[in-house]
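Database features (Swiss-Prot):
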BINDING   GLN162, LYS336, ARG365, SER366, LYS387  (2R)-2-phosphoglycerate binding site
ACT_SITE  GLU204  active site, proton donor
BINDING   ASP241, GLU284, ASP311  Mg(2+) binding site
ACT_SITE  LYS336  active site, proton acceptor
Amino acid sequence: MSAIVRIQAREVLDSRGNPTVEAEVYLDNGGMGRAIVPSGASTGEREAVELRDGGQRYGGKGVRKAVEHVNGEIQDALLGMEAEEQEHIDAALCALDGTENKARLGANAILSVSLATAHAAAHAAGQPLYRYIGGLGPLQLPVPMMNVINGGAHADNDVDMQEFMLIPAGAESFSEALQMGVEVFHSLKAVLQSRGLATTVGDEGGFAPNLPSNEAALELLMDAINKAGYQPGKDIWLGMDVASSEFYRDGRYHLASERRELDSAQFVDYLAALADRYPLISIEDGMDQNDWEGWITLTDRLGDRLQLVGDDIFVTNTTILREGIERGVANSILIKLNQIGTLSETLAAIEMAKVHSYTAIVSHRSGETEDTTLADVAVATGCGQIKTGSLSRTDRVAKYNRLLRIEEDLGDAARYPGLATFYNLD
């Protein structure tokens, strides 16, 4: 066993130039782990709370208070504890905070230490993190969901929906899937240039052109896939993060780019029509986080043929996920480590999803860093899918490169599930 002897946190920057927390955990046997916490732009109302300083410094986004919590009372509470006892450490962190949403110490402070502890224990054991968490059994690489057109809160354009994704489920390996995505990404750039559209990128590295409608983004992806020499719906499928809570007001869905306002039933019809016209296989946050009846209608309508992913509605929280399962809401959950704030609670959410035949997708945030922990978590849990942005910006590509190294490390034991990852669809 490896006792914690020192914890050190500092303020660093994320991919949007905003401060975030980095923590290092040191063990008595020389083991050391480091983790940096990401931050979201479109956040669910019930997410664990990241602690910001307020005031003028960094526009109020400084995290000195969170850093002080780590270097002070969190370190004092954890000194001497065994790093291998992850659940015990995470429970101690939650108890020390004393709130339901980690608002006192800050989920950013707590998560940085939780993840750094796992890294330190893995280092002490001489194992990569994915092996330390996942054990010695067979492991599978995730199918990437590549956000190549950014809109909504992730881009300064007039596209309502937040993400339009390539899902190369027809590949034979992760490395082939990545190659397919890269080739379509460059094909998409050429398509945009040929139409006089902007090729600037958004927070997650995808292109962010102004478009006349949300459907126009799907048309661009179809064109790019074909021009790259692949078949939509055979080699590469499409996915969307609608992020509907960002444009849901007064009981209606406001599609500003299309000058339309739809009620819940009409918006379900709208999404169903897109699913009929395009090879969509995944829709995330199709309904507002508080529109539970709308979610039930959407699931009844499309849940047998589309992955319906709950992000803002579930916020990686097992209590809310359990309610969703009981009420027949969605058939998949997005997993964001900083939504819940500890590694143990993250793993519990993935396990609950699996037990109830919900798929789970390990996901980045729009404000990312060079930290690649989520790639290891995706492999360790065998969740089968990962969302970590487009094929540009080092904060996104770092995760893909980590997965390439893991695939190489696993060798012949590496499995890529492909279309089988959508096991709960007809």
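Sequential numbering from 1, following the chain as shown.
Even glycines carry a Cβ here, placed using N, Cα and C.
Since the structure is predicted, the reported quantities are computational estimates derived from the model, not experimental observations.
The Cβ of LYS336 ((2R)-2-phosphoglycerate binding site) lies under 8 Å from the Cβ of GLY40, ASP311, VAL315, THR316, SER363, HIS364, ARG365, each of these being in the same chain and 6 or more residues away along the sequence. Comparing local CB density within 10 A for the recorded positions GLU204, ASP241, the maximum falls on GLU204. Checked against GLU204 (active site, proton donor), the binding-site residues GLN162, ASP241, SER366, LYS387 differ in C-alpha distance, with SER366 being the nearest.
Those residues of the chain, other than ASP241, GLU284, ASP311, with a C-beta within 8 angstroms of the mean position of the Mg(2+) site C-beta atoms are GLN162, GLU163, MET240, VAL242, ALA243, ILE283, ASP285, VAL309, ASP312, LEU334. For the binding-site residues shown (GLU284, ASP311), fewest C-beta neighbours within 10 angstroms: GLU284. Packing around LYS387 ((2R)-2-phosphoglycerate binding site) is summarised by its Cβ count: 30 other Cβ atoms lie within 10 angstroms of its Cβ, all protein chains included.
Remark: of the binding-site residues GLN162, SER366, the most isolated position is SER366 (fewest other Cβ atoms within 10 Å of its Cβ). In space, GLN162 is the closest of the binding-site residues GLN162, SER366, LYS387 to ASP241 (Mg(2+) binding site), judged by Cα positions. A strand conformation is recorded for ASP241 (Mg(2+) binding site) in the three-state DSSP classification.
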